[in-house]
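Before I ask anything, here is the structure I am working with.
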Amino acid sequence: MRNIMIEIEYDGSNYSGWQVQPNAITIQEEIMKALKKLEGKDVVIHGSGRTDAGVHAYGQVATFLMERNIPVERLPLAMNSNLPKDITIIDAKEVPMDFHARYSAIGKRYIYHIYESRYRSAILRNYSYHINYKLDRSKMMEASKLLIGTHDFRGFMSNGSSVEDTVRTIKSLEFKSDGENIYMIIEGDGFLYNMVRIITGTLVQIGAGNKPLEQIEKILKTKDRSLAGHTAPPQGLFLDKVFYPLTH
């Protein structure tokens, strides 16, 4: 028995998110079906975390136990031959038995893509958040600096989440622009439910002049979700990388 870690790239447009659920097509389910063809029996996989419907990944990570002695370097090709074209295994390696995709993770990096243009893009519609008005990008960058560090991010979490410990550390948050494209790159030790999308929605409203710069500090202080911005749509969000200790 071996513990296998795989890195996965996927286009989440046609899926109801990562996690297996009744009467829905999910990323996790498709990967488990592909593994069943190789193992000849059901295989349970554990992802580093859930992504919602429409969210994409450049580097989702999952682990599973495997009995068949397929060389690990051949696993990506073997699995990809049984997967839809919008899900690709880009790496596989054998890891210690105590390694877990979720519980061993020490951080994640997300990218959120905003498309600022008068007209929507037929090509980018499933991979960006279309904004048809001008954003003050420098103001968004200034506001984003207030989020860096260790804070209680309860005000940036969707209502109804059962998580009790809402303190998280944002290690970096930066913006990169390329014409009409704005990329928010955020890295932290972990994220609350919809936290990245709510941060994006809040920064968009600040950039649009609908909320003051000081709103960030007010949200962090009061932990009041109603003071934050809207939840930005899922299609602009990409899970870019999951971080693990160097020992793995």
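Each Cβ is built from the backbone N, Cα and C atoms, and glycine gets one as well.
Among the features that TrEMBL reports, domain 'Pseudouridine synthase I TruA alpha/beta' is placed at 9-104, 143-245. For Asp52, the entry in TrEMBL reads active site, nucleophile. As annotated by TrEMBL, substrate binding site applies to Tyr110.
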Where does the residue listed as 'active site, nucleophile' sit in DSSP terms: helix, strand, or coil?
coil
Using all protein chains in view, find how many other C-beta atoms are within 10 Å of the C-beta of the residue listed as 'substrate binding site'.
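Its Cβ has 24 other Cβ atoms within 10 Å.
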Who sits close to Asp52 (active site, nucleophile): which same-chain residues at least 6 apart have their Cβ under 8 Å from its Cβ?
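Spatial neighbours, sequence-distant, of Asp52 (active site, nucleophile): Gly12, Gly17, Asn194, Pro234.
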Which residue counts does DSSP give the domain 'Pseudouridine synthase I TruA alpha/beta' (9-104) for helix, strand and coil?
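Secondary-structure breakdown of the domain 'Pseudouridine synthase I TruA alpha/beta' (9-104): 25 helix, 25 strand, 46 coil.
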Roughly where does the domain 'Pseudouridine synthase I TruA alpha/beta' (143-245) sit in mean pLDDT, to the nearest integer?
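Averaged over the domain 'Pseudouridine synthase I TruA alpha/beta' (143-245), per-residue pLDDT gives 96.
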With DSSP as the yardstick, break the domain 'Pseudouridine synthase I TruA alpha/beta' (143-245) down into helix, strand and coil residue counts.
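Once the DSSP states are binned, the domain 'Pseudouridine synthase I TruA alpha/beta' (143-245) shows 33 helix, 31 strand, 39 coil.
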